Every structure is written in C-alpha cells, then in structure tokens.
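Engineer: From Swiss-Prot, here are the annotated features:
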BINDING   Asp233, Asp235  Mg(2+) binding site
BINDING   Gly298, Lys323, Asn428, Arg432  ATP binding site
COMPBIAS  88-100  compositional bias 'Basic and acidic residues'
COMPBIAS  578-588  compositional bias 'Polar residues'
COMPBIAS  604-635  compositional bias 'Basic and acidic residues'
DOMAIN    368-428  domain 'PAP-associated'
MOD_RES   Ser596  phosphoserine
MOD_RES   Ser602  phosphoserine
REGION    1-29  region 'Disordered'
REGION    84-104  region 'Disordered'
REGION    535-642  region 'Disordered'
Amino acid sequence: MTRLKAKYSPTKGKRKEDKHTKRMRKSSFTRTQKMLEVFNDNRSHFNKYESLAIDVEDDDTFGNLVLMENDKSDVDIPVIEEVTSSEDEQRAESSKRNNSLEDNQDFIAFSDSSEDETEQIKEDDDERSSFLLTDEHEVSKLTSQQSLNTESACNVEYPWIRNHCHSKQRRIADWLTSEIKDFVHYISPSKNEIKCRNRTIDKLRRAVKELWSDADLHVFGSFATDLYLPGSDIDCVVNSRNRDKEDRNYIYELARHLKNKGLAIRMEVIVKTRVPIIKFIEPQSQLHIDVSFERTNGLEAAKLIREWLRDSPGLRELVLIIKQFLHSRRLNNVHTGGLGGFTVICLVYSFLNMHPRIKSNDIDVLDNLGVLLIDFFELYGKNFGYDDVAISISDGYASYIPKSCWRTLEPSRSKFSLAIQDPGDPNNNISRGSFNMKDIKKAFAGAFELLVNKCWELNSATFKDRVGKSILGNVIKYRGQKRDFNDERDLVQNKAIIENERYHKRRTRIVQEDLFINDTEDLPVEEIYKLDEPAKKKQKAKKDKREGEIKKSAIPSPPPDFGVSRSKLKRKVKKTDQGSLLHQNNLSIDDLMGLSENDQESDQDQKGRDTPSGQDEKSPLETKTVDAQTRRDYWLSKGQAL
C-alpha cells in the first residue's frame, strides 16, 4: 500500500514525467545526429579516379572511327575524321583544368548555344503572329458567335425577349407594353398542345360514357376560356340525368374504372370536402386532371368569362401575366390560401371596368398594358381596403360595396380578407378560400416597387446599357421548356369551347332543384325546351266546380207554358230562390269548416227524409240567433256523418 501511494504521489509522478521527457529528447537528438553524420562522411564522396593521368591525345584518338575488314597488314585502313568545333575544344580544355564534380558544379546544360534559344523564340513569335493574323471572315465569324453566346446567356432567365429587343424604345412604358405582348405570345398554346388536350378530353369522355350511359363529361375553367398557362391542369365535371353521381360509391367506381383503363396515374380521391373531386395525371400527355361531380356553376362561369373577353380588350394579357406572377411565387393554389383562376379574372375585370381613364376613353388598353399592369399592382398592393370593401359584379358591371351591406357574406377567418360576389350567385363569395391575403398583398406591393424602380433605372441608362435588359423579368419568372413565339389558337379548334357552347344551346335554365334536363342526348331543341303543363290542384278544381254551380243557379229559368197558372209559377220561383240562398249559405259554412260536398249532400238527404212532406222547409236565414244547443247538435250530426 505504501508503494502504491508513493507511486501515485504528485512528486513521483512529476519526476517520472520529467525522466520520460529527457529520454525522448535524447533519442531524438541521437537520431538526428546520425542523420547529419552522413554529410560529414568523406568516404561517400571519395574520387576514385583522382590519381589517373589524363592523356591529351585521347581526344584525337577517341574522335576517329576505325573500320577493320581483315587482319591483313597490306590492306589500307580507312580513317574517318570527325571535325570538332572550337567551343567543344574549349570545353574539353576547361574540363581538363578543373574538376567540376569536385567543385560541385556538375550541372547539365539544356542548350549548347544561345543561337538555338533565339531561333526557338523566333519560331514562337511566328506561330503567335500566324495565329493572330487570321482571315477577316473568321474574325467576324468568331465575333458573331461570341455575341450570340452573350445574348443566349442574357436570355436564359428571360426567354420571351429572344430576338425581340425593345431597348431602343424611347418611352419606357412602350417597352414594358411590348414585352408583355411578347410574353403572351411566348406562352400561348401551339397547335400540338391544343391537339394533345383535345385527345385527352375525348378519351376521358368515352370512358365516362362507357361506365354510365346517362352521364357526360364537360370541361370548364381555364381550358374552356383560353386562359391557361403551359402545363396547367384541366377542370372537368360529370353531370348525369338523375344527378346522383356525387355519391361516394359512384366516385370510387369512376376512379377504379379510369385506373383500370390506364387513363390515370397518381390518383387522389377527395370525398370529405364540400365539393368531392378526383385528382390524377393522364399518363400519355402528363396533364393534371381534376374531375368534380354534378356541378353547373363552372360551365356557366366559362360562358360568362368568354363574354368578358370579347367585350374587354387587354383582359387576356393581364390575366396571363398575373397568373404567371402568382404561379412563380406559389400563390395560385386555393388550398394553401392563394388566389384561384376565377378570382384573378374577376380582379382584373373589375379593375379594367372601373379604371377612370378607360371609362372616359382617354387611353387605349392594348397600347398601355405596361401602365395598367403597374396600376393593378399599386391598387391591390397598396390602396385597396381589404377590411371594409367588397367587389360586386352584376350584369357585366363592376362596383365596390361595403362589407357591412353584404348581409349574406359568410364570416371569414380574419377581417383582412378579399370578398368578391359571384356573378352567378350574389350570396356566394368566390374568394372565401383565399386566406393568405397578407402575403398576396405584399407580393403585389413588391412587384409595384420593382417595376417602378426598374423603369427609372432604364430611363436614365444609355441605349448601349439597355441591351439584353428586361423590365418584366423583375416580376415574372419562367423556367419551363423553350417555346416558340407561335400563337396557333386560330389553326386548331378548342373542343372544350365548342362543347361548352353546344351545352348552353341545348340547356335551359334550371328553375326547380328537382328538374334536370338531360342534355347529353342528341334531341331537337324544340323537344328539350318543351315542358309538360303541371296538373291542377284538387282545391282549385273544386273551387272551379262550385263557381260553375253558382253561375248556373244565377241563370233565370226558361219561360213557363201558357197552361200553367200564375200562382203556381210564383210558388215555383220562390222555391228556386230559397234553394239558391240555402245553397250559398251552406257553401260558405263548408268552406270555413273544410267539409266536403259528399257530406253536405248526405246531410241534406237525411233532413229531407226526416221532414214531413206537407211542411215547407225553413231557411236558416230566417233564424236570427242560434243557441248553444243548436250548434252542439249541428256539429254532433256532422261528426256522425263523417
């Protein structure tokens, strides 16, 4: 125990540590000393040939090449002498005088003379000059290639300005307007894209008809209005004669049918929402498809939007710009609080419809798209009162209304929200799902600042500094595949628009919820619009019958025969008048009590049998007061008759 304590005492440990350190230093020093002794060893540098004598004649002998054909002494031996240069002789003499190896001057020269170096330098200069002095055609070709590369590098982020340079525009607003038109032409659908979408819709429609013969598939949304971006989805709706396809079982049945037919991949069925929907991708065209059920408001909205496009120039251009702006910032999805397509269209339409300079015909819309785009961002990014103001569009006219006056407005998540009345249903707020309005307003305000600052910057720049610049590129980003500037909508018919117009020609406006006209059958228009007259109600038929009886009783009786005495005639007329008065009184009582005519007739027959034949019937009008017992007996008899 004592040794252990001494071993682990601080002093012992310190002494042991110092001893170990000294040993390491000594060993390292010894190893280093042995390595340095190599340089002090003269034996490794001993010159073994120092004692040998150098013969001067060896140079001449060594320089001669002797060829011996045979050993005969009488044969002359030819000798070929190699002439050495003066520099070689001088080098040999210097080597004889000095031992370069001993003097540590045994370096190897890379060239024999400076003439070779000068010749090499001249050759390099000739090659460099020959490379620089190329043909003028090749120089211009290289310059043009470099300029094309520079232009392509500048147009990577702004492909719509390729071969469309507007930097020489004197007015910056005209530059922005031209750039907006170029962008719209750049993203407009080509002939192949329209054909691809038409084929996809035809395949889906045949599949729905194959599953349900009484149903049909219709297209609404951006594809039915020509307001879709490249690669945007297609909105469809399935309507049937019985209007029962919104049931969950039918939805899953259609989903299985499309998947078995190979028309859908990455399918998602959403049934626990207000509007059930099927989302999938068509594998051949890679287009996103959304299918809803038993809805007609989208088809009505598509027709209304096409009317707006015909009446409002510049609406399509601004809508496509705003859609791309929101798409690049991921603010176009309603499920995440963004703005939907119909909401954007209503915003732009109300903006153009209420712009003071447009209403006064002060400016042309198509020539001032740049200014209008900046005004749009300023209005909805800085000046619009989202807390108190709503937008109303009725009969093609837009207006602002206070939210307090919209009594049927559903309460939103926050007071700061966008409210737009549905043009087809004034009680519906089409923008109630856009709950992320704060970020959308910030995006609009930021776009306004970017456009204004860029316009000021390029307005003060020279034409040389404007080359390759873009104003719209500060707020619009397009990262899709390269496209051509071909707007080929006039070359191919859009079947979605044709089917929508045909649908509205066949369809009548639905008045009752339980009335649905099957517009899928190819019937004449006259038969579709022909409605059966509804059957008359029973009460109305009874009332008409009673009125006819009263009119008959009011008609005077035919003239009597001359053989009848006057007294009998008076008596007969008196009875007729009394019977008509009694009948009128009974009608009023029956109408008040709700008794039928059969009960009345049976009651009268019973009274007729009880009354003696010789007595005259007394009219109820002669009784001025009716006591309680009489009323009790009357109602008791009515109850027994029933």
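Note: Cβ is positioned from N, Cα and C throughout, glycine not excepted.
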Engineer: Limited to the domain 'PAP-associated' (368-428), I'd like the whole-number average of pLDDT.
Structural biologist: 89
Engineer: What's the longest C-alpha separation between any two of Gly298, Lys323, Asn428, Arg432, the listed ATP-binding residues, in angstrom?
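Structural biologist: In whole numbers, the farthest two Cα atoms are 23 Å apart.
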Engineer: Would you identify the secondary structure of Gly298 (ATP binding site) according to DSSP, in three states?
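Structural biologist: It is helical.
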Engineer: With DSSP, how much of the domain 'PAP-associated' (368-428) is helix, how much strand and how much coil, in residues?
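Structural biologist: Here the numbers are 18 helix, 14 strand, 29 coil.
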Engineer: Which entry in the list of binding-site residues, Lys323, Arg432, has its Cβ near the fewest other Cβ atoms, using 10 Å as the limit?
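Structural biologist: Fewest other Cβ atoms within 10 Å, among the binding-site residues Lys323, Arg432, is found for Arg432.
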Engineer: What are the non-local neighbours of Asp233 (Mg(2+) binding site), defined as same-chain residues 6+ apart in sequence with CB under 8 A from its CB?
Structural biologist: Leu287, His288, Ile289, Asp290
Engineer: Through the lens of DSSP with three states only, how would you label Asp235 (Mg(2+) binding site)?
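Structural biologist: Asp235 (Mg(2+) binding site) sits in a strand per DSSP.
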Engineer: So which binding-site residues are near Asp235 (Mg(2+) binding site), with CA atoms within 10 Å, out of Gly298, Lys323, Asn428?
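Structural biologist: Checking Cα-Cα distances against Asp235 (Mg(2+) binding site), the binding-site residues within 10 Å turn out to be Gly298.
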Engineer: Could you tell me which of these binding-site residues, Asp235, Gly298, has the greatest number of Cβ atoms within 10 Å of its own Cβ?
Structural biologist: Asp235
Engineer: Can you count the other CB atoms that lie within 10 A of the CB of Asn428 (ATP binding site)?
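Structural biologist: I get 15 for this one.
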